[in-house]
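> First, the structure itself, so that you have it in front of you.
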Amino acid sequence: MAAAAAVPGPGPAEAAAPGEEAAGAGPQGPARLARLPLARVKALVKADPDVTLASQEAVFVLARATELFVETIAKDAYVYAQQGKRKTLQRKDLDNAIEAIDEFAFLE
């Protein structure tokens, strides 16, 4: 019987997409999956007098949700910038996206 050759590097379940690090990789673990600095997010959470404790997981989820929200509103606002034949987002593009999309009604 032939022994299977060991292939160096991450296996299929451990492979990370280009530009992403695998969860748990590095000293901060899931912190690498967030683009916002978790220490700053935690400081903002703790600035709320109603918050006494905030777990690392809760801070991570808040940071990730914030990133997704900013990404969504920026993409929607960019459509309005393109309609104006511009590549740079302006305040009026964000205002138009907020007015046109029901999901952003809480920002009005």
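In case you wondered, yes, glycine gets a Cβ from its N, Cα and C as well.
According to TrEMBL, the record shows the following:
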| type | residues | note |
| --- | --- | --- |
| REGION | 1-29 | region 'Disordered' |
| DOMAIN | 34-98 | domain 'Transcription factor CBF/NF-Y/archaeal histone' |
> Any idea what the model's mean pLDDT is for the domain 'Transcription factor CBF/NF-Y/archaeal histone' (34-98)?
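Across the residues of the domain 'Transcription factor CBF/NF-Y/archaeal histone' (34-98) the model's pLDDT averages 95 on the 0 to 100 scale.
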> Using DSSP, what is the helix/strand/coil residue split across the domain 'Transcription factor CBF/NF-Y/archaeal histone' (34-98)?
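The breakdown for the domain 'Transcription factor CBF/NF-Y/archaeal histone' (34-98) reads 45 helix, 0 strand, 20 coil.
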